[in-house]
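J.: TrEMBL lists 6-31, 38-66, 72-95, 116-138, 158-177, 209-228, 240-262 with the feature transmembrane segment. What TrEMBL lists as domain 'G-protein coupled receptors family 1 profile' is 20-260.
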Amino acid sequence: LALNPWDVVLCISGTIISCENAIVVVVIFYTPAFRAPMFLLIGSLATADLLAGLGLILHFAFVYFIPSEAVSLLTVGLLVTSFTASVSSLLTITIDRYLSLYNALTYYSERTVTRTYIMLILTWGASICYGLLPIMGWNCLKDPSTCSIVKPLTKNHLIILSVSFFMVFAVMLQLYVQICKIVCRHAHQIAVQRHFLASSHYVTTRKGIATLAVILGTFASCWLPFAIYCLLGDYSYPALYTYVTLLPATYNSMINPVIYAFRNQEIQKVLWTVCCGCFSSTMPFRSRSPSDV
């Protein structure tokens, strides 16, 4: 096959994604202090994005060096599983942040840990089921007329994935609206209790809302173009359209570690310890609430 520059860009993107998220996975896995629900969910997101990056690399390698229909189904199944798990993990993080604010008094309890494990099981169970569909026969290899813009996925399969994405996005949007309301209310209460100036209250509220807007805006700008094109596109359309909408979706997995992991003070301390020993590895952790976005 002639080398497609878009495939090369996707492979490079996958390499960067893999390196970033591998750092997060290793830090969380080998740090005993990171066993709180917040870090488990961040670890789930990093694992999903790591698999997505590896999937992009393997897809490039198998297409150009080991072309095979069976291998193609495996790599596409891995990509579907990993990207679905990534989007679902973002939803679980949003739910966790909302509950940490809504039920602040009972958040640090055994029930929260149990709920976290249930969300992780549901997230990865559903993602694996979606990823197994092409391997189990739901593909267009025998009937090209049923192909979607992402071969060998069928049009129906891609529609289900797209509709699922829009449902996840709608829930996240609603939850972040509620989080904004709670943040504004808390900031106002603190300002009244401590006799802060109105300008201080305004700055605090604006900062919190701006952070939430960046989180949701990044997610939407990365995934919405591809999700919309999955519903409207057809397999007969030029492949260029698929690449142009798919590439920003991969950038979401590249940005996630920066938003959800590298901004966390505890993870930053561990990274500095590993890199230059600026902090003592025995330094006690003061885990912040997931609501500190």
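Think of each number as a place in line: the chain as shown, counted from 1.
Placed from the backbone N, Cα and C atoms, the Cβ positions cover glycine too.
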J.: As a test of reading the model: what is the averaged pLDDT for the domain 'G-protein coupled receptors family 1 profile' (20-260)?
T.: 87
J.: Which listed stretch (158-177, 209-228, 240-262) has the most C-beta pairs under 8 A with the transmembrane segment (6-31)?
T.: 240-262
